[in-house]
Amino acid sequence: MECDTFYDASPPYGGDGDRCSIAEIAARTATQFSIFNMSTTLCGILNLFVARWQVQRFGPRAALVAQIFVPAIRVAAQIPGVLTGKRTGIAILQASQVITIFGGPAGYFFVINIIAGGVVEPARRTAIFGKLQGCIMLGEGIGFLAGGMAGNAFDIRAPFIIAFTSFLLAGVYARAAIPYMAPDSVPVESRPSQGGVSTIFAPLKIVLPQRLRLVDGRVTKHYGVMFLCGGFFLGVLATGYAPSLIQMYAAADFDFNQADNGWLTSEFAFMRGLVLIFIFPRIVTWGRRWFSSATPTPERFDESGEASAALLPSSPGRWDADAEGWAREELVRLDTCDQGRRSRLFDLVFLRWSLVVDGALTTMAAFSTRRWHVYLAALVLPFGSGSAPTAKGIISDMCSESQRDDALHTITLVEQVAKLAAQGLFGFVFASLAEERKAYGTFFCNAAVAVTAMAVLLLSSFPPANSTLIDETAYGEDLAVSEIRTWRAKTSVQEADR
């Protein structure tokens, strides 16, 4: 489209080779591609809030079906734009992205993560999140390949018709295969308690410092989630533009046409899907097993043999319970939590080093000098995948069960905002460097940001052993401090009675 628009105002091409393979058209195409991706991501960000509202009002299954059916409408609306072409066609494609607000990939991926996170045990969440993302990438790879082949065999409308039909079939399958899940299956704290803007942006409170009760009863703030989101944002900023960057770089420096880019994109998506489905879960399982055996078990009892202060009640309603009964219950809960905590420390280590590996692989792609080097880069870059599902698993472990859905919403929102920033920032960087025939420099910029993300993640950590998260949604700060004082006084009275 951009090529046709360029020659409408320029003399006919008189050289050898593809008439669209010139630096100015490559720069314009990169700019339009970045604008298109930015509009998609921006609408995807708004789509997350719509999807969360649908989950709360109609339940996860109904929300998932809606998020799958709506993109079919968007695909149908894009067909006239592709047939029109040139500047008008680009405008139609850009305008059709508004439909993504009401349903799209960001929304149905968020909803399916909520469903999966609620039906699997906590220790398996990270691996399941990775497999789900891998399935989506595998589907994208098949879609790119099938769409490209159909477009070459028939006409430009064929890929869109295939996508439209696929969305309809997926929606019917989701409606028939997933059991009904009522809106009240969502945790109480995740349901809207009041209207207005405060309810819409309530999940963003997850990013704020958490309040913890330490083993000695002191209340402190923990910044693990905040630094996790900051490091993850920079990580996605570094890697979010990678699929588009490979395509644009191949087209600008190696004269890849539409068919070549189709194979390249399919290869990248296929490899990323296979890595996330088959390799990533095994790395997580092995790493957790090794890390758990190498990490010492924290003490839970003091020298006198009495239960430690970690067994302080976690909600005001527990005061009416029998002290011995709830102490045993809390002890079991903490014991299980600490076992998972020791093994899941590996997740945070993996997240940090996966960004370093991704930065190293991205740097290698900058040294491509032949066409097959680009295909090799698309083959090895997916081996740095896994940061997104790992971050989802970590934030689910750092927050309480009642905040799990809001935590997934927040980390997905951070991911989408980072993708939006990456497409805007690196799209501009690539367009500027492409005009100077130095597009490879964008890979070095990506690698530098990835290493910076790893440095920020070094500041993130899990809460201290035997600490208890104070749920701000259940009671305020004054009541929590009063609870601690009351517990200490009650313990002193019981010891005096003995």
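Every residue, even glycine, has its Cβ placed from backbone N, Cα and C.
Annotated features, as they stand in TrEMBL:
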type: TRANSMEM; residues: 33-50; note: transmembrane segment
type: TRANSMEM; residues: 95-120; note: transmembrane segment
type: TRANSMEM; residues: 132-150; note: transmembrane segment
type: TRANSMEM; residues: 156-174; note: transmembrane segment
type: TRANSMEM; residues: 223-242; note: transmembrane segment
type: TRANSMEM; residues: 262-280; note: transmembrane segment
type: TRANSMEM; residues: 374-395; note: transmembrane segment
type: TRANSMEM; residues: 416-434; note: transmembrane segment
type: TRANSMEM; residues: 440-459; note: transmembrane segment
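By the Cβ criterion (under 8 Å, sequence separation of 6 or more), the transmembrane segment (440-459) is in contact with the transmembrane segment (223-242), since 3+ such pairs are found. Annotation: stretch 374-395 has the most Cβ pairs under 8 Å to the transmembrane segment (223-242), among 95-120, 156-174, 262-280, 374-395. Tertiary proximity for the transmembrane segment (262-280) is limited to same-chain residues at least six positions away from its ends with a CB under 8 Å from its CB atoms, namely 127, 130-131, 133-142, 144-145, 147-148, 243, 246-247, 250, 256, 374-375, 378-379, 381-383, 385-386, 389. With a cut-off of 8 Å between Cβ atoms, the residues of this chain six or more beyond the transmembrane segment (33-50) that come close are 67, 93-94, 97-107, 110, 200, 244, 248, 409, 412-413, 416-417, 419-420, 423-424, 427-428, 430-431. A Cβ distance under 8 Å defines the sequence-distant neighbours of the transmembrane segment (95-120), meaning residues of its chain 6+ beyond its ends; these are 36, 39-40, 43-48, 50-52, 54-55, 60-61, 63-64, 66-71, 73-74, 77-78, 81, 128-129, 132-133, 136, 178, 181, 185, 392, 396, 404-405, 408-409, 412, 416.
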